[in-house]
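Student: Sharing a structure with you now.
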Amino acid sequence: MNALVATNRNFKLASRLLGLDAKLEKSLLIPFREIKVECTIPKDDGTLASFVGFRVQHDNARGPMKGGIRYHPEVDPDEVNALAQLMTWKTAVANIPYGGAKGGIGCNPGELSMSELERLTRVFTQKIHDLIGIHTDVPAPDMGTGPQTMAWILDEYSKFHGHSPAVVTGKPIDLGGSLGRDAATGRGVLFATEALLNEHGKTISGQRFVIQGFGNVGAWAAQLISEQGGKIIAVSDITGAIKNRKGIDIPGLLKHAQEHKGVKGFHGGDPIDPKSILVEDCDILIPAALGGVINRENAIDIKAKFIIEAANHPTDPEADEILSKKGVVILPDIFANSGGVTVSYFEWVQNIQGFMWDEEKVNNELKNYMNRGFKDVKEMCKTHNCDLRMGAFTLGVNRVARATVLRGWEA
């Protein structure tokens with residue numbers, strides 16, 4: 001099931017539980033604006049190349065729109081729509097004053113030189129600079145983009161609007177980026193996991209974890225969980241998968257992954273088939289890679305008692321049903337991976353104030369937001385007698401619906 005169908009389905013279920021009327025439901029689903037632009041740049045060899053850039057701005061009832069910009073060859077409009085919508089609910093669940101957006105450029109960043117990427121980013125910014133802004137739409141990095149991309153957008157935008165560090169988040173520290181932003185999504189996963197285990201009378205220490213995906217989020221989550229005494233027994237990434245029943249040496253694996261561009265070949269564990277990683281025997285499974293990896297084919301064989309969704313929509317709705325019948329507790333993506341956007345909010349706040357925080361303050365504030373978010377989700381679960389996914393969706397949709405009605409926007 002594709003991302004948009006799954007997201008719309010969860011929205012509709014939440015809307016039913018909340019008793020929203022059909023007109024309001026429809027107005028919440030329709031994106032505020034969809035932008036598509038042609039970006040033509042001279043390549044290093046002097047030839048011209050054209051790319052399509054786009055931005056979906058989903059909702060701004062609660063504040064400026066917020067979401068990543070990805071550079072990827074297969075940028076699917078449906079997926080971008082789904083991710084923009086997910087950002088609307090995610091920012092509402094986290095209770096930060098934003099709406100949702102998402103965008104990107106259909107290109108293969110690996111095939112472009114640094115100067116070609118810079119030209120492409122600047123042309124894209126020139127095309128959309130009057131549609132984004134500190135109080136309109138605040139982009140951030142996503143797949144295939146990073147702090148350097150944000151620095152180029154900031155510089156190009158500032159040529160038109162004056163120095164505006166708050167127009168993007170995920171910037172380099174030297175240009176007004178926030179301390180703690182790099183680890184934020186992974187740290188949020190740690191805090192979310194702690195809150196959930198606490199509810200069940202458990203702690204991280206001594207639990208056996210399996211982590212699928214060892215990029216930014218998976219690697220930080222692994223490091224922080226192992227520091228808290230969690231035992232990480234299997235890890236996979238695009239290069240392969242490794243397993244060690246006694247627990248993997250995470251600092252050693254991080255060093256290996258950096259040097260060899262992946263976990264493959266690490267000597268502190270046995271190689272296993274990456275496809276089997278999700279069904280390894282463990283207490284807590286953390287999918288931190290792509291969407292749709294847990295489906296009806298493998299859900300029946302999953303042995304974890306808890307699943308923490310660090311990736312976006314890793315679990316298909318069919319798998320959801322199978323797992324809930326088995327009594328597996330799933331902490332949904334729109335809460336579990338909201339640490340990144342929460343610290344992006346802190347970065348934006350610091351830029352607007354012109355006053356930067358130290359890392360300890362960033363991490364403490366993140367912990368407060370994640371703990372409060374978990375309590376709010378649990379309250380909705382009690383009110384509507386539903387699972388954590390529906391608890392999070394009803395919480396997010398309800399906050400956006402209330403703002404929409406208060407502003408007099410409902411159809």
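Using the three backbone atoms N, Cα and C, a Cβ is placed for every residue, glycine included.
According to TrEMBL, the substrate binding site annotation covers LYS66, LYS90, SER344. Per TrEMBL, active site, proton donor is recorded for LYS102. Residues annotated as site 'Important for catalysis' in TrEMBL: ASP142. The NAD(+) binding site annotation in TrEMBL covers THR185, ASN216.
If you look at the structure here, what lies around each of the features I listed?
Tutor: Other Cβ atoms within 10 Å of the Cβ of LYS90 (substrate binding site) number 27 in total over all chains.
Within 10 Å of the Cβ of LYS102 (active site, proton donor) there are 29 other Cβ atoms, across all protein chains.
On its own chain, ASP142 (site 'Important for catalysis') has GLY67, GLY68, ILE69, ARG70, LYS102, GLY104 as residues at least 6 apart in sequence with a Cβ closer than 8 Å to its own Cβ.
THR185 (NAD(+) binding site) is surrounded by 24 other CB atoms, counting those within 10 A of its CB over all protein chains shown.
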Student: Could you name the residues, excluding LYS66, LYS90, SER344, of the same chain that surround the substrate site, i.e. Cβ within 8 Å of the Cβ centre of those residues, in sequence order?
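Tutor: Other same-chain residues near the substrate site: GLY67, MET87, THR91, ALA94, ILE96, TYR98, GLY100, ALA140, SER338, GLY340, VAL341, THR342, TYR345.
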Student: Tell me, how many other CB atoms lie within 10 A of the CB of SER344 (substrate binding site), whichever protein chain they belong to?
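Tutor: Total other Cβ atoms inside 10 Å, all chains included: 29.
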Student: Given the binding-site residues LYS66, LYS90, SER344, state which is nearest to ASN216 (NAD(+) binding site) when distance is taken between Cα atoms.
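Tutor: Closest candidate to ASN216 (NAD(+) binding site), judged by Cα separation, is SER344.
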Student: Between the binding-site residues LYS66, LYS90, SER344, which lies closest to THR185 (NAD(+) binding site), Cα to Cα?
Tutor: SER344
Student: What whole-number value in Å do you get for the largest C-alpha pair distance within LYS66, LYS90, SER344, the residues recorded as binding substrate?
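Tutor: Overall maximum Cα spacing for these binding residues reaches 13 Å.
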